[in-house]
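*Asks:* Quick paste from TrEMBL:
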COMPBIAS  112-122  compositional bias 'Basic and acidic residues'
DOMAIN    177-559  domain 'Amino acid transporter transmembrane'
REGION    99-122  region 'Disordered'
TRANSMEM  184-209  transmembrane segment
TRANSMEM  215-234  transmembrane segment
TRANSMEM  255-278  transmembrane segment
TRANSMEM  293-312  transmembrane segment
TRANSMEM  360-381  transmembrane segment
TRANSMEM  393-416  transmembrane segment
TRANSMEM  505-525  transmembrane segment
TRANSMEM  531-549  transmembrane segment
TRANSMEM  561-583  transmembrane segment
Amino acid sequence: MASLPTSFSVGSAHSGSSFKDAVASYRRSQYLLSNAEAISSSGAQLLEDEETGEFAPIFESEVDDLPTPHLEDVAHDGMIGNVQWDEEATMTLNPSMRQVSGWDRGISTPPRRHEFPGPRRANERTPLLRKAISLTINTSILTSAAPTKGRGHQESLSSAPALAPKISHDLGLPEGRSTFGQTLFNAIAILLGIGMLSEPLAFAYAGWICGTLLIISYGLVTCYTAKILARIVLTDHRVRSYSDIGRKAFGPKSMPFISAMFCLELFSVSVILVTLYADSLSIVVPAFSPNTYKLMGIAVLVPMVFLPLSLLSYTSILGIICTVFLLVVIFIDGLSKRDAPGSLWSPAETDLGVGNLEQLGVAFGLFMAGFSGHAVMPSLARDMIDPSQFDTAMNYAFTFATFVYGIIGIAGYLMFGRDVSDEVSQNLLGVPGYNPWLNKIALWMLVLNPLSKFALSARPLNLTIETFLGIDTGFIPPHDDNSGSGPRLAAKPTPRLFNWAFKRILLIFERVMLVCLAITVSILVPEFSSMMAILGSFSAFILAVIGPISAKVALERKCGLWDGFLLALASVMAIWGTGAAFLSTTD
């Protein structure tokens, strides 16, 4: 894929470069969001031994969050080809990481197999935030014949032995690349999503008083917990992701539970996207039922789950455009119509208080679902040029997200009252007096947005399942090169090649079946609000509130009054909301 232009014909070169940086930063955030929710394969050796205070050796193959093929097995996607990230195409190694003393230059270190000069070729599994790592190697440990003056010299990772005894090293930590504005934009883009469609229904279930209190309190609490995650990450350079925070706070035994929660959240999002796509399409083109459109969506969703992340990160930009456009359309419709229903000038009948306890429990999940973006918050903090500004960025981001969710919920509830649909967009075409073309454009965007985001949302779930099943392979078949040089000759199929081909078949089958399973669940549970409530009440409460506060308590070995109150209240709301959400699926 061609790189983005550094400037544009309209405007200054600085504005063009700023736009490119903003897009690149947003693509990084989507990569982090896609990979932060997969199982961290770094292992417990990344964290400091509490008793000895020493670090275990970290080699290049252990640094990546996800399994990375050898250099000769770099991912060449069969459908797309070798697509590189724009910002990695020009990345060079920091000269300070290649400093070698005169004595070290005399060392003759045989090159390891699969080692080539220059940076590794990028692929869709190459982490964007990984840079070269410099090691401080005590050479006297590696060889008894070394002169004493050679101790403590710097040597790059590429010249280190493949296996070595206990070594001391100085990690070359990756510097952040996102400015304050880029981090703020990325955080807002992650928080604002399809959850806004159910905000009017949440107000209808909770009433004006309780609904207003819930959405404001959820915004404040989730902003507080996002800062907790960032502080844990920034105080320990070995902690990079939400999974690492869980391992540091609760030990390796907590990893299966954290992974299961992420998988449940990702699968719920996949089901919700299928439901939104089919519901919106059935309103725009009512020739078929929503279930029929869900089955027809297999033809589009299956090929997209095999696209590389470098392309999927661009499609997610459609979600931002859709959010802004839908917000504008709702207010244009509400202000252009003078009489009820669907008018902001003549509001529909609403309630001040709560209807019933079951609906209040569903409202818990509907409100919380919009604030469930904490999986990527630690990585956003790591990616900042000045991490000390992260708390300020979160204040602005969560304030803006709470404001947008609030005005959409209030406007939709005023316009349609108790008759508001699970998705407020469903009410737009059913009201006479609106601009039909404007509303159709908004609904068509709600058709395309879920289709474009499905593969990006399902990707970390696919990677987690493939890693667990042991079928995570490279994109080109393995080869046997015994000569070490010269042209590679065609060889007869080997057991290794057959094993690779079998794993590829299983991988394709697994991804296709995951799409079919998401569609099946969407058919069995067709209510958009029920799935959103389950997502918010169960996984969002645990990952966005209970998890961060519990990690803080475990690391500090004390629980303050405020933290204890939040843990107790969040647990009650999570249990109450989950039960109410499951009951709503049977109504």
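Numbering starts at 1 and runs along the chain as displayed.
Positions of Cβ are set from backbone N, Cα and C atoms, glycine also.
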*Asks:* May I ask for the residues of the chain that lie six or more residues beyond the transmembrane segment (531-549) and have a Cβ under 8 Å from a Cβ within it?
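*Replies:* Counting only partners 6 or more residues beyond its ends, the transmembrane segment (531-549) has Cβ contacts under 8 Å with 195, 198, 221-222, 225-226, 228-229, 242, 245-246, 258, 261-262, 264-265, 268-269, 271-272, 275, 361-362, 364-375, 522, 525, 563, 566-567, 570-571, 573-574, 576-578, 580-582, 584.
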*Asks:* At a threshold of under 8 Å on Cβ distances, which of 184-209, 215-234, 255-278, 293-312, 393-416 pairs most often with the transmembrane segment (360-381)?
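*Replies:* Ranked by Cβ pairs under 8 Å, first place goes to 184-209.
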*Asks:* Test of understanding: applying the rule of at least three C-beta pairs under 8 Å (pairs 6 or more apart in sequence), is the transmembrane segment (561-583) touching the transmembrane segment (255-278)?
*Replies:* no
*Asks:* Is it the case that the transmembrane segment (393-416) and the transmembrane segment (184-209) have 3 or more CB pairs under 8 Å, with pairs at least 6 apart in sequence?
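*Replies:* Stretch pair touches.
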*Asks:* Short question: which residues 6 or more past the ends of the transmembrane segment (505-525) have a Cβ under 8 Å from it?
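*Replies:* For the transmembrane segment (505-525), the list is 267, 270-271, 274-275, 278, 291, 294-295, 297-298, 301-302, 305-306, 454, 458, 461-462, 465-466, 469, 471-473, 531, 585.
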*Asks:* Please report, as numbers and ranges, the same-chain residues at least 6 past the borders of the transmembrane segment (215-234) whose CB is under 8 Å from any CB of it.
*Replies:* 199, 202, 240, 242, 244-245, 248-249, 367-368, 371, 374, 377-378, 380-382, 387, 390-391, 394-395, 397-399, 401-402, 405-406, 409, 544-545, 548-549, 551-552, 555, 566, 570
